[in-house]
């Protein structure tokens, strides 16, 4: 029944924002499953010390796995699901509009997503692939002679064009609202999160588009923008990429903030505490997020004054972030009735994960500590807590919120209440030990490690296996 419903969505060319939003969610689901299976392969290799699945002759496969895992989950799972899915399905409803201003542009954006995905994934089948890491740093990305890097670049450009079109559409829709009684500070934080995300995309996507094209010309037309032996500067690539890369973090998580705020106010039958301050906090985070890209580059030789600036501004982001946490927790206090305990439990999981990830982020924001921890799995544990798991939990919450439209069924509150603690245990097993092994230090992006690290890595693999079993169980339930 579910698969027939999905086929009917993609077989009908429709400009309706809800149909497009649901189509985005299904695309994000299948993209995410492929990316998740890649991470399971990575964790399977790391489950025991020594090379088990990967051999000395096939080490490039490991590089391919974590490269494609990062690209798929960032650009085709989280962005497609949160920005495309939530934005298209919910945003016009929250603004009191019947649809977005340009429905057909929405449809074109949707069709570009699978095109970009196919281009990125097809890079695996060409020669030695393109295991450069998801950041595509030169000179590694410019020195590989195969066409795989070029396919990744064009795939990401296609996804970027789709996001740009959606951003213009959402901002234009916001600017053209003529709803009676429309008051700008009474708009739901969920709607504001889409608006702020759209502005961040319009600010940062032209930069990363330019830098990807510069890499393409370096590779194919000998322009040498990033070739240090010919007056190029590879550090320039890092500055330009992370000027997009750090706002990208908030591009992915801001819609999650909005949906958690919406769910708390809906299912606790209470108005969101501090609605205006929540909007201001998200705006402050979006602004400060554009000013801290250098904290990803502490190991690249930044001078002391520059490190001090980026450290200070990074710590400042904790203030509006703490304000959001305070608003959510206060909304949950003294609740008289809860409509869906399962969804509220997932919202609480989001808050807990974000607090853990934010706390470890304050550690990494310190330049002196980051130099030591930057190339360890501590960083992997941090951004999976604060970004990946937080974004996935908010996406799960939204999917359950519209489950009748998406699946044609309703998952019981008892099932959701059972899934939430199991999911949290799996997440803690998978990513919490990485903080301990990161201090050892255990390097990231390496398929082997000393035998004394086996216990922690086995726990991480056990947690990843639990998440895999949980995902397959839920897929089986909704396919009945």
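Heads up, the Cβ atoms here are built off N, Cα and C, so glycines get one too.
In Swiss-Prot, the feature transmembrane segment is placed on 109-129, out of the ranges 109-129, 130-150. Swiss-Prot lists 45, 50 as binding Ca(2+), and of 447, 450 the one it places in that same site is 447. Swiss-Prot assigns the feature transmembrane segment to one of the listed ranges (88-108, 151-171), namely 151-171.
Ranked by number of Cβ pairs under 8 Å to the transmembrane segment (416-436), the listed stretches 64-84, 151-171, 458-478 are led by 458-478. Distances between the Cα of residue 296 (Cu cation binding site) and those of the binding-site residues 45, 50, 250, 374, 375 are shortest for 374. Of all the binding-site residues in the list 246, 250, 295, 374, 375, the shortest Cα-Cα distance to residue 45 (Ca(2+) binding site) is found for 375. Taking every listed stretch (109-129, 278-298, 343-363, 458-478) in turn, the largest tally of C-beta pairs under 8 A with the transmembrane segment (240-260) is reached by 278-298. Taking the centroid of the Cβ atoms of 45, 50, 447 as the Ca(2+) site, the other same-chain residues with Cβ within 8 Å of it are 46, 48, 49, 51, 52, 53, 54, 62, 448.
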